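Sequence annotations record features per position, and here Swiss-Prot assigns disulfide bond to Cys26-Cys48, Cys45-Cys120 based on similarity to another entry. The N-linked glycosylation site annotation in Swiss-Prot covers Asn95, Asn109, Asn113, Asn121 and rests on sequence analysis. Taken from Swiss-Prot, the feature signal peptide covers 1-24, and the record attributes it to sequence analysis. Annotation comment: Swiss-Prot describes 25-156 as topological domain 'Extracellular'. Per Swiss-Prot, topological domain 'Cytoplasmic' is recorded for 179-215, and the stated evidence type is a curator's inference.
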Amino acid sequence: MPAFNRLLPLASLVLIYWVRVCFPVCVEVPSETEAVQGNSMKLRCISCMKREEVEATTVVEWFYRPEGGKDFLIYEYRNGHQEVESPFQGRLQWNGSKDLQDVSITVLNVTLNDSGLYTCNVSREFEFEAHRPFVKTTRLIPLRVTEEAGEDFTSVVSEIMMYILLVFLTLWLFIEMIYCYRKVSKAEEAAQENASDYLAIPSENKENSVVPVEE
């Protein structure tokens, strides 16, 4: 099992690399919504294009709304990165892709005051010969910042299952030991009874029980 657990991540990476090389696709993965104070937090925003070969002018706008407040612009991508004046100034980092399908940003040194609702607006104007359609997508990320990292539910369940398995194996081994001990004890008792019965036979019967050998 340990060897299998070590090989599984490697096999997954190889499979992902093979899929990305042979079948380049865009997957819209949702962003994480919990961060720990003092760490960096990636706000993931992915807006896939159905026709990647079509050229498009892309504009990205990131907004932040504190609890009980209003939305205000904190980051903008328009022909290049542009961090606007806001309480996040100096703590935002572009983390997107060259094709602008991944337009994520990273918040550095997250604070408790960074909790709130983040909005990612992606506006695209496609350049066709006959017309120039305009498409806009929006992603909402409710972020909650905590002082300490909470326990992962999956790891807790895995730990509980591990302890249950250890208890089960211990009980099974204990039962097997008792079964083997009783089996050996019964075999020894049977051997002792046979020996006692043989010793209890009179010597005359022992001599008579000897079969004469004809010459």
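Along the chain as shown, residues are numbered 1 onward.
The backbone N, Cα and C atoms fix where each Cβ goes, and this holds for glycine too.
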Assigned element (helix, strand, coil) containing Asn113 (N-linked glycosylation site), judged by DSSP: helix
The topological domain 'Extracellular' (25-156), counted residue by residue under DSSP: helix, strand, coil: 7 helix, 57 strand, 68 coil
Fewest-neighbour residue among disulfide-bonded residues, criterion Cβ within 10 Å, set Cys26, Cys45: Cys26
Alpha-carbon spacing, Asn95 (N-linked glycosylation site) to Cys48 (disulfide bond), which is rounded to whole Å: 16
Chain-internal residues, separated by at least six, CB under 8 A from Cys48 (disulfide bond): Cys26, Val27, Glu28, Gln101
Distance from Asn121 (N-linked glycosylation site) back to Asn113 (N-linked glycosylation site), taken between C-alpha atoms, in Å: 22
Neighbour-count leader, CB within 10 A, recorded positions: Asn95, Asn109, Asn113, Cys120, Asn121: Cys120
C-alpha spacing of Asn121 (N-linked glycosylation site) relative to Asn109 (N-linked glycosylation site), in angstrom: 24
